[in-house]
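Quick look at what TrEMBL lists:
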TRANSMEM  B:12-27  transmembrane segment
TRANSMEM  B:33-56  transmembrane segment
TRANSMEM  B:63-82  transmembrane segment
TRANSMEM  B:88-107  transmembrane segment
TRANSMEM  B:112-129  transmembrane segment
TRANSMEM  B:160-179  transmembrane segment
TRANSMEM  B:246-271  transmembrane segment
TRANSMEM  B:291-310  transmembrane segment
Amino acid sequence: MTEFFQYIVNGFVVGGVYAIVAVGFVTIYNVSRVINLAQGEFLMLGSMLTVSFISMQVPYGVAMLLAILMVTGLGILMQKYVVGVARQATPLSLIILTIGVSILIRGIASQIWGKDSYSLEPLTGNEPLAIGGVSIARQSVWIVLSVLVILIFLWYLMEKTMIGKKIKACSVNPLAARLMGVSPPRMTMLAFAISAATGALAGIVIAPLSVTSYDAGILLGIKGFSAAIFGGLGSPIGATVAGLLLGLMESLGAGLISSGVKDAIAFLVLIAVLLIRPTGLFGERNVGKGGL
Amino acid sequence: MPGRVKTFRKDLLAYLLIVVLFPFLLSDDYYHSVGVIVGLHAIVAIGLGLVMGLAGQISLGQAGFWGIGAYTSAVLSAKYGISPVLGILAGAIVPGIVAFFVARAIAGLQGYYLAMATLAFGYIVQIGITEWESVTGGANGMISIPSLDVFGIGTSEVSMYYLVWGVVTLVLLFSLNIMNSRVGRAYRAIHKSEIAATSMGIHVAHFKLGAFVASGMFAGISGALYAHYMGILDPQPFGLHESIKFLTMVVIGGMSSIWGALIGAVIINAISEVLLVLSEHFPWLKGDIDTIVFGAILVAIIMFMPEGLVPRLRSWAKKPKSSVRAANRSEKAEMETVA
């Protein structure tokens with residue numbers, strides 16, 4: 001029974017990270033109808049840059065901050081010089097474009113850091129907390145906290161601020177938004193910045209629990225995307241819930257069935273959702289099949 | 001229309017000449033083996049070109065079909081002693097059936113949904129191959145897969161080269177004919193506007209399914225030939241990296257051109273070989289140089305030359321005599337052929 005609770009706790013922690021990635025996808029999608037398939041690379045870069053800065057004797061917190069800032073800058077550059085330039089591209093071209101960016105980043109990362117795996121020190125100590133027989137890594141607490149902070153921040157930004165209203169206006173009707181003095185490209189850039197920053201942070205907090213390497217982004221990206229579809233592409237709440245559920249299923253599947261199938265679970269969930277309910281858990285009806 | 005047929009013939013003649021003469025021009029086993037691999041990739045790329053160019057859909061799991069074909073034939077011949085010829089047949093049929101069910105299942109999906117569903121499919125195939133150890137040998141792979149050996153074909157590099165390019169030629173002719181037939185026009189209509197195509201009485205789902213199944217079968221044949229050619233298999237080459245390589249071939253050559261997929265396979269393999277040599281001379285190139293190059297190609301092509309190389313070269317070749325009137329004329333001719 002303790003084991004079972006252990007799986008649930010682990011699942012929630014990893015699921016939180018998937019939730020952040022998923023929300024990153026949704027943020028960009030809502031403004032620009034673009035799915036940034038390089039989202040996973042933001043996570044990888046966040047963690048790898050932090051590792052590098054720390055090895056240069058930069059204090060942990062500063063290293064994190066620098067890494068997040070750099071990845072955010074990259075997100076903005078990507079929007080400005082790649083995705084934004086190809087605005088008129090067909091959906092098929094946009095998919096190829098963001099895949100291209102993603103493998104380009106991965107290739108460059110493999111040049112900089114090689115093919116080795118790196119580990120990142122946990123933020124606070126190694127000895128796990130024990131609550132009723134269930135052991136929880138201290139880092140897990142940090143992950144959960146970061147997830148909460150990010151989600152609350154995004155919720156506040158979207159629901160309570162003028163910027164949120166502008167972003168929503170662009171997603172509802174870009175032309176009308178433009179007429180009201182909102183610049184959709186600028187909002188898209190903001191969305192890229194937000195999802196790059198949150199992605200980088202997610203990558204940094206998850207790295208101490210697993211190892212990180214140049215190719216760590218792809219799997220996290222795909223799982224985040226699975227969660228975004230599972231929750232209903234376009235719905236931040238759906239993405240969060242689905243991310244947590246996905247983490248839970250994965251953890252239980254790995255624990256109760258076999259660890260080899262762990263990664264297949266996300267894909268099976270993705271395909272199952274696409275088949276049974278393409279609109280996802282919380283999706284709008286018209287987002288559905290070809291809603292792109 | 002007559003003009004199109006004539007260029008079609010000219011293209012084919014040039015193609016056949018190059019293919020037949022290549023082993024004599026570069027009579028070294030190294031070039032022959034590169035030729036075999038290029039041919040195997042070209043078969044997959046042409047299939048993917050049908051899916052992307054004709055049906056306007058994307059598949060990021062093409063290496064999955066490739067792998068299913070390879071392992072089907074390898075397992076049948078190495079474990080059950082079935083002749084490799086029958087194995088290759090099965091290596092075409094099994095991925096075809098899988099593609100049929102995959103396509104049926106995801107028929108309603110488009111764009112990102114389809115991209116991710118096919119990507120997930122590719123991953124599941126690779127994980128499946130790795131985990132199904134009792135049959136596939138798992139991560140360690142399979143060894144001593146019998147070579148083809150039909151009347152001596154398949155035992156030497158040159159005979160394998162001609163066999164593979166024979167298959168390429170068949171696949172190419174099939175695809176070119178489809179392109180230039182009523183079916184091809186239906187596909188192009190679907191690509192332009194699915195709604196308009198439907199209203200003209202074209203059964204869109206039917207055609208997409210056909211393209212997908214054909215691409216799965218092509219990939220399967222290529223995979224089966226690959227298995228017997230290599231003699232060993234492991235799950236590593238059947239993942240996302242290879243799928244993206246196939247995608248890059250189609251994109252660089254031109255998504256709406258069958259020749260483009262073929263040329264793309266040649267270009268990408270040439271780049272891979274050059275990079276291999278470079279990385280031997282420059283040991284500091286420690287990572288996946290090819291990943292950088294393919295990524296850059298994908299981005300650059302979509303941004304600056306979305307139609308791809310082959311259509312662009314064609315339009316350059318025609319430029320000298322093209323005035324506005326000529327352009328109008330060709331447009332008119334185009335409309336007539338479509339009508």
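Every residue gets a Cβ built from N, Cα and C, even glycine.
The recorded stretches the transmembrane segment (B:12-27) and the transmembrane segment (B:160-179) share 3+ CB pairs below 8 A when only pairs 6 or more apart in sequence are counted, and are therefore in contact. No contact links the transmembrane segment (B:63-82) to the transmembrane segment (B:160-179), because fewer than 3 Cβ pairs that are 6 or more residues apart lie under 8 A. Counting Cβ pairs under 8 Å to the transmembrane segment (B:160-179), the stretch among B:88-107, B:112-129, B:246-271, B:291-310 with the most such contacts is B:246-271.
Beyond the ends of the transmembrane segment (B:246-271), by six or more residues, the same chain brings 11, 15, 34, 37-38, 41-42, 44-46, 48-50, 52-54, 58, 60, 62-63, 168, 172, 175-176, 179, 188, 191, 290, 293-294, 297-298, 301-302, 307-312 to within a C-beta distance below 8 angstroms of the stretch. With a threshold of 8 Å between CB atoms, the same-chain residues lying at least 6 positions outside the transmembrane segment (B:112-129) that come near it are 57-65, 67-68, 71, 102, 106, 136, 235, 238-240, 243.
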